[in-house]
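K.L.:
Have a look at the structure that comes next, please.
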Amino acid sequence: MNDLIINHIAELILPKSTDKPLKGKELDELNVVKNGTVVIKDGKIVYAGQHTDDYDATETIDASGKVVSPALVDAHTHLTFGGSREHEMSLKRQGKSYLEILEMGGGILSTVNATRETSEDDLFKKAEHDLLTMIKHGVLAVESKSGYGLDRENELKQLKVSNRLAEKYDLDMKHTFLGPHAVPKEASSNEAFLEEMIALLPEVKQYADFADIFCETGVFTIEQSQHYMQKAKEAGFKVKIHADEIDPLGGLELAIDEQAISADHLVASSDKGKEKLRNSDTVAVLLPATTFYLGKEDYADARGMLDNNGAIALATDYNPGSSVTNNLQLVMAIAALKLKLSPSEVWNAVTVNAAKAIDINAGTINTGDKANLVIWDAPNHEYIPYHFGINHAEKVIKDGKVIVDNTLSFKA
């Protein structure tokens, strides 16, 4: 006897399962089954496809008029941080620049101070609250970066918190050491601080899967970033890079040359960089909510990347300064509107390709896969990025069990 059948599904989303990320035109290929059925036993998918009455189960969910998809994957977050920076919104409205806010004690260094002052247990409680919000919105796989400690003690603290979260909730969660995220005030130079972070790599390896660096004007150069990435690979890490967010320094080209698993942001990437994606499996992780939140007009050139047969994914970039959202559904809407992605491209970018960007087996619904699914209160898959700003996830299913039920009930 099976454990659960989800029947009469209006649309069942079945992303293509591949060893490598979907590239170029492949991203627009999405198998959407009308009147579908999913059968689950022992936390695994037994069947997913056209409606059938050939299976029995102890529990049945009628998904008439609903969409079922793989659980979403958020491939770029800064989940563990102390404090918040809502007071900076009024400063921005007054016309204060980021550098002016930084000089006033705000910006990223404000978050660094708050993170340093927050105990590990309190940091865990805050991050847990934010993670549960993600889960309620349909996310069951997450990448979590450090980068707000900027010293040994507090970078380790952030990584330990994300590891504790993964253990408590048994999630597909990857952890990224982003020590070189900024340069703290106490550092004698960028170069000296970078060497401090490189020296930490062997110690943080037990807590982190990836090593990341912020390659940008005024932070770390291309040469420094390459040095760090090579040292990280020597220490056994797969590497990522925050690249070309503001200036076209060549971060995307560097990521491809160093065989990074992903390059993230890429708002200002050059045509040369986009062309190099053609022969690379490095995933371009685009973060349109960041561009939106910062009030900028120029978004990453997703269409240019796809035209060059590149692989792209989408993520929230959840952080307290430039993308204060942990709702990946909102990112899907912004990507459709501003990156000009089709519904199929959007869905693949938050499932199977996002999984490839963090090196996990997720984002598909195939026989034998973990039964990590979302039942959406939506008539079709195009409706979710169309009707933006709300939570369409009705039920979230992890390992075959409903762990979130957002069904609303009211008393008159």
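Glycine is treated like the rest: Cβ placed from N, Cα and C.
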K.L.:
If I go by Swiss-Prot, which of Y55, Y148, Y169 binds N-formimidoyl-L-glutamate at the same site as N319, G321?
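P.N.:
Checking Y55, Y148, Y169 against Swiss-Prot: the N-formimidoyl-L-glutamate site match is Y148.
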K.L.:
Could you look at D317, D359, D369 and say which one Swiss-Prot places alongside H76, H78, H242 in the Fe(3+) site?
P.N.:
D317
K.L.:
For the recorded Zn(2+) site, whose residues are H76, H78, H242, D317, find every other residue on that chain with a C-beta no more than 8 angstroms from the centre of their C-beta atoms, and list them by sequence position.
P.N.:
T77, K145, D264, H265, L287, T290, A315, Y318, N319, S323
K.L.:
For each of the binding-site residues (H76, R85, E245, N319), count the other CB atoms lying within 10 A of its CB, then report the residue with the highest count.
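P.N.:
Output for this query is H76.
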K.L.:
Please tell me which one of the binding-site residues listed here (R85, N319, G321) sits closest to H78 (Zn(2+) binding site), measuring Cα to Cα?
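P.N.:
Closest by Cα distance to H78 (Zn(2+) binding site) among the binding-site residues R85, N319, G321: N319.
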K.L.:
To the nearest whole angstrom, state the Cα distance for the pair Y148 (4-imidazolone-5-propanoate binding site) and H76 (Zn(2+) binding site).
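P.N.:
Y148 (4-imidazolone-5-propanoate binding site) to H76 (Zn(2+) binding site), Cα-Cα distance: 15 Å.
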K.L.:
Among the binding-site residues H78, D317, whose Cβ has the fewest other Cβ atoms within 10 Å?
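P.N.:
Across H78, D317, these binding-site residues, the one with fewest Cβ atoms within 10 Å is H78.
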K.L.:
Could you check which of the binding-site residues (H76, R85, H181, E245) sits closest to G321 (N-formimidoyl-L-glutamate binding site), going Cα to Cα?
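P.N.:
For G321 (N-formimidoyl-L-glutamate binding site), the spatially nearest of the binding-site residues is R85.
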